[in-house]
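Here is the structure we will look at.
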Amino acid sequence: MTKLPITAIILCGGRGTRMDNQDKGLILFRGKPLVTHLIERLTSQVEHIMINANRHHRTYQLLGYPVFSDLMSGYLGPLAGIYSGLHYATTDWCVFVSCDTPFIPNDLVIKLYNGIDKQKAAYVSDGLRHHPTLLLIHKQLRQSLKNEIENGQRKLQLFLNHYQAAKVDFSESAHSFVNINTPQQLDYWNRQ
């Protein structure tokens with residue numbers, strides 16, 4: 001598989017409130033941190049990988065990839081992580097994945113990229129749900145993201161709708177977008 005000249009950014013910057021305030025990216029899943037599962041899935045798809053984390057930087061740095069915090073303080077959600085990633089990335093296009101989706105498909109990036117026509121963003125739809133944090137976005141939207149955040153916007157899906165992001169159909173691999181958000185879900189998927 002050819003690696004695309006895209007930066008993948010793994011979003012590990014949340015509070016993890018549904019996971020008893022643990023840093024979800026570092027929670028062990030099948031013997032290794034959740035973030036490691038994503039690195040393994042993305043390595044063959046993109047040229048660069050970065051990690052967005054707002055705590056435990058040293059632990060994340062041990063994985064060998066650049067780590068950065070949100071540029072805006074206060075745990076403002078995925079929009080802040082995406083804005084910050086677009087700021088730090090050196091490529092025009094970035095793909096974002098949330099750290100709690102360890103089963104992303106091996107063709108995620110190319111399929112999102114091929115799903116873009118003239119839009120500056122594309123996100124996953126599995127046929128039942130939209131997954132806006134599984135997103136390919138161009139750096140040209142960085143300032144618009146910043147403006148939305150500064151105006152109090154926290155809903156990524158509303159931002160994507162406003163900018164007419166492409167919704168890419170992944171219904172044939174809907175199982176790949178399972179989120180592990182709670183200790184119960186973690187326990188369930190560890191037993192599968």
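Backbone N, Cα and C atoms are what each Cβ position is placed from, and that goes for glycine too.
What TrEMBL annotates here:
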BINDING   LEU11, CYS12, GLY13, LYS24, ASN52, ASP70, ASP100  GTP binding site
BINDING   ASP100  Mg(2+) binding site
DOMAIN    8-160  domain 'MobA-like NTP transferase'
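Within 10 Å of the C-beta atom of CYS12 (GTP binding site) sit 26 other C-beta atoms, taking all shown protein chains into account. All protein chains shown were included, and the count of other CB atoms within 10 Å of the CB of ASP70 (GTP binding site) stands at 24. Mean pLDDT, taken over the domain 'MobA-like NTP transferase' (8-160), works out to 93 on the 0 to 100 scale. The binding-site residues examined here are LEU11, GLY13, LYS24; by Cβ neighbour count within 10 Å, the least packed of them is LYS24. Whole-number maximum of the Cα to Cα distances across the GTP-binding residues LEU11, CYS12, GLY13, LYS24, ASN52, ASP70, ASP100: 18 angstrom. Cβ environment of ASN52 (GTP binding site): ILE9, ILE10, LEU11, CYS12, GLY13, VAL67, PHE68, SER69, ASP70, GLY81, SER84, GLY85 lie under 8 Å away, each six or more residues apart in the same chain.
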